[in-house]
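Colleague: The structure that follows is given in the form of structure tokens.
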């Protein structure tokens, strides 16, 4: 009995030991799987940490940091980084990370090509930026040249205008010098008037500064084939009403004309309204006659009688020379 009990106990112990051994082996199996998973996680953790770390700064020969133009390419890494990472990986995760490293290698190659294209684009943009500057400079030079040409044209036009004005002034001076001696033949005593006028012109200022060399107003002279005569307005400017012989003077000056003018000083000349009663007013449309009450008294006289009585004042009548 004892032997049988001991045998059973031995069998139970062996069974228990076998079960324990199997349990131990079973328990050791999950522990080994957990260790493998932890190794894979530990191997993958540096990759995630490496992904989170910023890429190293790349500098060119001048020391300038060369960054890609696109913001999405700032996390790109050189191909050596991915190749070294793939070679340093564990044997267990090598097959798992092989495809991922290949994808990253292709992405790095694409990033490098994009970076090269970006540098080419930057160079092209720099050339384009330099070209508009040169175009702008050439346009500014062309505009300055056009402005200079326009200024020279305006100066030439101004000189031509001044030359024409000088020529016209010289011609007018010559005409006045040619016709002034004829005035002395119009009546007695006119040479004295010329002498007085010349003296006053030398000593006094001209009333017409725009004429320059002319001390008299050319509009006061009427140039006709018969000669040069003073206009009627000249006698009004001279103020001949102060002298008693103004009628005779007006008749003497205007005697060289074929048709005499009104003196403008007598009462009929100063009258401005027609009577509308006389025959001249009634027949004005057919006869073209002036009103009898407005007919100048000096025109009623004969020209010869007026010439005999001419007495000229001592230059005071020609006040426009002063």
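Keep in mind that glycine also has a Cβ here, set from the backbone N, Cα and C atoms.
OK, Swiss-Prot features for this one:
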- 263, 266, 269, 296: Zn(2+) 1 binding site (BINDING)
- 275, 278, 281, 291: Zn(2+) 2 binding site (BINDING)
- 11-20: compositional bias 'Low complexity' (COMPBIAS)
- 28-52: compositional bias 'Low complexity' (COMPBIAS)
- 53: phosphothreonine (MOD_RES)
- 257-262: motif 'Nuclear localization signal' (MOTIF)
- 256-297: zinc finger (ZN_FING)
Colleague: Could you round the CA separation between residue 281 (Zn(2+) 2 binding site) and residue 296 (Zn(2+) 1 binding site) to a whole angstrom and send it over?
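Modeller: For residue 281 (Zn(2+) 2 binding site) versus residue 296 (Zn(2+) 1 binding site), the Cα atoms are 15 Å apart.
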Colleague: What residue among the binding-site residues 266, 281, 291, 296 has the most other CB atoms lying within 10 A of its CB?
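Modeller: That would be 296, with the highest Cβ count within 10 Å.
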Colleague: In whole Å, how far is residue 275 (Zn(2+) 2 binding site) from residue 296 (Zn(2+) 1 binding site) when you measure between their Cα atoms?
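Modeller: Distance between the two Cα atoms comes out at 15 Å.
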Colleague: With DSSP as the reference, give the number of residues of the zinc finger (256-297) in helix, strand and coil.
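Modeller: In the zinc finger (256-297), the DSSP-based counts are 17 helix, 0 strand, 25 coil.
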Colleague: How many whole Å apart are the CA atoms of residue 263 (Zn(2+) 1 binding site) and residue 291 (Zn(2+) 2 binding site)?
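Modeller: Their Cα atoms are separated by 16 Å.
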Colleague: For residue 269 (Zn(2+) 1 binding site), identify the closest of the binding-site residues 275, 278, 291, judging by Cα separation.
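Modeller: Going through 275, 278, 291 one by one, the Cα closest to that of residue 269 (Zn(2+) 1 binding site) is 291.
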Colleague: Would you count the other CB atoms within 10 A of the CB of residue 275 (Zn(2+) 2 binding site), including those on all shown protein chains?
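Modeller: Taking every protein chain into account, the count is 12.
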Colleague: Using a 10 Å radius around each Cβ and counting other Cβ atoms from all shown chains, which of the binding-site residues 263, 269, 278 yields the largest count?
Modeller: 263
Colleague: Around the Zn(2+) 2 site (275, 278, 281, 291), what further same-chain residues have their C-beta within 8 angstroms of the site's C-beta centre?
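Modeller: So the additional residues around the site are 274, 276, 277, 279, 280, 282, 292, 293, 294.
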